[in-house]
């Protein structure tokens, strides 16, 4: 019996490979209000971007809160400023902090914010930086934050067997009771009539050496020294007042004439005629002008008569 040829089909009947899910990147176009009057520019833009994955929003409506953006949706945010930068200033003025507060949550991690006519200048990205975006190659990118769990160990190194120290013994001190019921003894009750009749003996410390310093009585002196010193001071004051009265001139003595031309009839200081600067404290010419020696001076009714 002749052999028949065998044909083997090597083509696969089915594909077991898993289908690849390709997610297209979404873009957001932000246009200033003036571009609405130029439909041809919008048509030119949509020739570059796919309408199915591209959204167009007006900056003024977004700033007024008329439009809400979905969270974590866009991979690219492009601000339409024309290729020649004709609407750059208008668009940058509308990119306020309120716009970034709405725009930043709608961007995916690693999404970029770009201008149509070129990179951002150094002074044009302050609000973007404050919103949390990072400058990268003339554009701003939303950083990709990674969450990680960090274990916290509180006091792990302190969990060791520690030997408790022995309690410190406090040395006891004498117990003092200030509120005892003991009655105070009157010192006068300990003296009899014979003790009360004895003279008071002055302590030795109340008799200091008078040659070196004046005696001084104690504040609560009971030996009689304070009374003795007070009596001596009163006697000294009386003597000083008496000596002062001797120097005072009476009314009839003020009318006496002092003649400096007669020998022996000068003042005690011999300076009565020189003026108050040279007169003694008890001079009757105090307050009068200076006069020449030998000039007759009379004091009549407290007035100098030259």
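Note that Cβ sites are derived from N, Cα and C of the backbone, with glycine treated the same way.
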Of the ranges 280-283, 284-287, 288-291, 292-295, which one does Swiss-Prot list as motif 'Cx2C motif 2'?
280-283
Secondary structure of the region 'N-terminal SAM-like domain' (21-150) by DSSP, residue by residue, totals 44 helix, 32 strand, 54 coil
Applying a 10 Å Cβ distance cut-off over all chains shown, what neighbour count does residue 218 ([2Fe-2S] cluster binding site) have?
12
Can you check which residue among the binding-site residues 221, 223, 272, 280 has the largest number of Cβ atoms within 10 Å of its own?
272
May I ask for the distance between residue 283 ([4Fe-4S] cluster binding site) and residue 221 ([2Fe-2S] cluster binding site), taken between their Cα atoms and rounded to an integer number of Å?
45
Distance, residue 280 ([4Fe-4S] cluster binding site) to residue 223 ([2Fe-2S] cluster binding site) (CA atoms, angstrom)
44
